[in-house]
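Listed in Swiss-Prot for this protein:
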type     : residues : note
TRANSMEM : 18-38    : transmembrane segment
TRANSMEM : 53-73    : transmembrane segment
TRANSMEM : 81-101   : transmembrane segment
TRANSMEM : 166-186  : transmembrane segment
Amino acid sequence: MEKGEDPGSLIKVIHLLVLSGAWGMQVWVTFISGFLLFRSLPRHTFGLVQSKVFPVYFHVSLGCAFINLCILAPQRAWIHLTLWEVSQLSLLLLSLTLATINARWLEARTTAVMRALQSIEKERGLGTEVPGNFQGPDPYRQLRDKDPKYSALRRKFYHYHGLSSLCNLGCLLSNGLCLVGLALGLRSL
């Protein structure tokens, strides 16, 4: 497209719907549903639910970032891009990269380690309780202190889970900043 040419109302609406839908989904999964489920479900049931939700969630995030990049990238000749347009493309590329890392690499590894942890926990009669309902010493801490294999698996799980959380927060922040930029560019409400 030539500099300054309007991409059309439909493209603008699709871009806004995909971007805001992705961001809303990310806010829900990151800050609301996970905490509600964690406090309401037995530990292993929570893990099972998350292992089913996260692959879909990460792939939808990846798809939304890809769609938005495909919409935005061809809108202007690259030489005519403003600083904001370059920033927005960079943020969407970052979101696509982080969502891809989560969807294609981290999620499968995190789930595999979680299943190995749950197998050991089941052998010890753990995993059917809702977190935070312990009376007395924490049985998971005791298991971690007594079983080096379990302790190593927990470290590995938290490593993958931490990286996945950072990638997810990066996607959320990238999409949020893109939405802020779009909102600041509105002429009226």
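We count from 1, first residue shown onward.
Quick reminder: no glycine exception, Cβ is built from N, Cα and C everywhere.
Counting same-chain residues at least six beyond the ends of the transmembrane segment (18-38), those with a Cβ under 8 angstroms from any Cβ of the stretch are 46, 49-50, 53, 57, 60-61, 64-65, 67-68, 71, 95, 131, 168-169, 171-172, 175-176, 178-179, 182. With a cut-off of 8 Å between Cβ atoms, the residues of this chain six or more beyond the transmembrane segment (53-73) that come close are 7, 11, 14-15, 18-19, 21-22, 25-26, 29, 33, 85, 88-89, 92-93, 95-96, 99-100, 102-103, 107, 110-111, 171, 175, 178.
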